[in-house]
């Protein structure tokens, strides 16, 4: 089966929005209009629209899938294939938001016409900026009381520091909003509001003619700046044709020089079709964006994969979801090559092979089994055993790693228990599923207390996961107070000579070890043996190492795992009859306990790299507050019109920060934090911790 749509006719995009900007309604409408459009060629009696509507009403279709494939016939009469990728609403999952931004080629940012640019929009916008994602803006809810298109456009400049390029103007507002002026064609498009109705094209209302002329002039001035030849022609008095103007807007959008702005109301079915036309005209195809970079596994050098079916196969798993009918589904974006059912691929991150069994294409109201897929496609793969989010699957002969996902170790832990005994098993299953989906979340059980401990990247991260457990898996749980994952280390070298002797009738136990314990720069444990002349026989030396490792998990101060210790076995003695591996294990264990005390044990705490993005007005308050949390400011910089404050702050002092920052900045600042390194805890604080845990 050959490729049905050329890769140039693909649009992989997402809808970014603040929680209440109307993302669900907009997505439903897009699926409805594109779905209906897809059905047109199949029935000639007009019944399909009605069936589809009844089905939509019955099921209240919402896009629950991580990616949905649909089709749209553009203004030029040619059909395009859309893959709509869901961007998570929760900005705290920086890893997830960034991964979805990574697999999109373009995005639509939805604004609420009443609220304009809201804090969450700022956050996602800045992340998209980091990945250089081309974006358009749709000012939604134009029918709402207080809707103000021009204020929203102004906020795109003032709050996001972005260049706004209105390609439409609204006709009326609030209850009187009926349609838009198309500034490229210079026509008025109005809708009567019934679902699925096409626009009525007419002349621009007389009272808007001057404004439309003024905005069209601004549009042309901005657009011609993108291209020298167009700029020269314009300065000599030659206006671009409408098609040339569209091409210039496309070029500027893909180069992220400006952002086309459209408007409408998804709920009242006004303005949706022109938005879909704009996706075709202004957002990039996979071939319009730079080739994806990766690491060539064989040579360890950087390489790229072109968006072409002829290139070696490479794909990125970006989301794992549970499907009630199919079980676990791995969503992957194919960047290059062609995928056929039944092939065996290499997971280069895990170093394992995966066989591709069932492949699905998700449509808004159905799932379709497919046998092959091509560059630019987004597929759902059922039954993969080894693959988790962020992994690369590729041709085993041309191995590549597309994304070296560095998942930081969790820094915050909480104990969790099911509310009822009946939920015990369900909770275990739920936690394991969530851990498979989110590599920055871990589950373990505490050997001493028998409690289940979950660990993650921050308070909100764990809150949301506990909430998902309740919503998706119907498991209610009680959660303890968050704990910092402290560590212990040593500060100087100590030499210990320890003899273990036990005589109680029959064969006894005997082992003598002489070990130097000293700190080293890494986090790991290093063991070295300098035994010469057989004072400790070779077969007993692994016992010495095992003994030390067995007690490294609980340091002498407060029982936290130890980091950065080097142990060197320099001498010892044994007995022909009474010595054994076990005897040397016991001796080295005791030697380490004594050595850790003598070598100046100290407590370490996780230090977080914190980045706060805030409007200028609040910088002073933000810095003062971080200083009061034992933070060290490492610098401030301007990003667009916002200020960025970078700091290193102990995790123990970051609890509850999200609320403090919100009230300090009226909800306009946001922050991200990730683990950076461990540092010694100040003496006064260390004493408190020891009292609590020892």
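Each residue, glycine too, has its Cβ placed from N, Cα and C.
These features come from Swiss-Prot:
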- 8-287: domain 'tr-type G' (DOMAIN)
- 17-24, 86-90, 140-143: GTP binding site (BINDING)
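Annotated features taken from Swiss-Prot, shown on the structure.
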residue: 17; record: GTP binding site; CB count, 10 Å: 26
residue: 23; record: GTP binding site; CB count, 10 Å: 23
residue: 87; record: GTP binding site; CB count, 10 Å: 23
residue: 142; record: GTP binding site; CB count, 10 Å: 31
